[in-house]
Amino acid sequence: MQVIIVEDHAFNAYCLTRLLQEVNPQVSITVCASSSDLNHYLSQSTPDLIILDGDLGAGDGLACNGPAVADSLLQANKAVPLVVWTNSPAMRAAFSGVFAQYRLKLSEVNCWPKMVSTERISHTLKTYSANCQSRTDMSLPLRRKVSRLDLPRAQ
């Protein structure tokens, strides 16, 4: 299973990588530090799961925060396997609004707190691995969106 972690803080990405490897040592993990990195990765590969942080530190107008990235991904392919990874209630609300546009809902499977348990990770990996998306085309690049879209920033 190929998993992408989109997280701008290296320590958080490292911790989640270790947890994922503890749950399933066969998981292949790539870390993207920004929406631009993710866009580049998706132009070359198709992951089975994307774990997406809410606040990606997008302030330069070239990169997007998590909800805008989720919107672009879901617009290109509603079946994209996304997990929202945030502690921010404002970010969760923004992600929920994006998901609702595509008639999707956040759940225990696709919305994790930053301090996520190995049990929850295991449940999510089992859920998504049952429907591996490697066959699903996610190679469409993200639309460029300016990050100043009135989406909340984590505080």
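These residue numbers are counts, starting from 1, taken along the chain as shown.
The backbone N, Cα and C atoms fix where each Cβ goes, and this holds for glycine too.
TrEMBL has this to say about the protein:
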type	residues	note
DOMAIN	2-129	domain 'Response regulatory'
MOD_RES	ASP53	4-aspartylphosphate
DSSP residue counts for the domain 'Response regulatory' (2-129), split into helix, strand and coil: 58 helix, 21 strand, 49 coil
Local confidence of the prediction over the domain 'Response regulatory' (2-129), expressed as mean pLDDT: 92
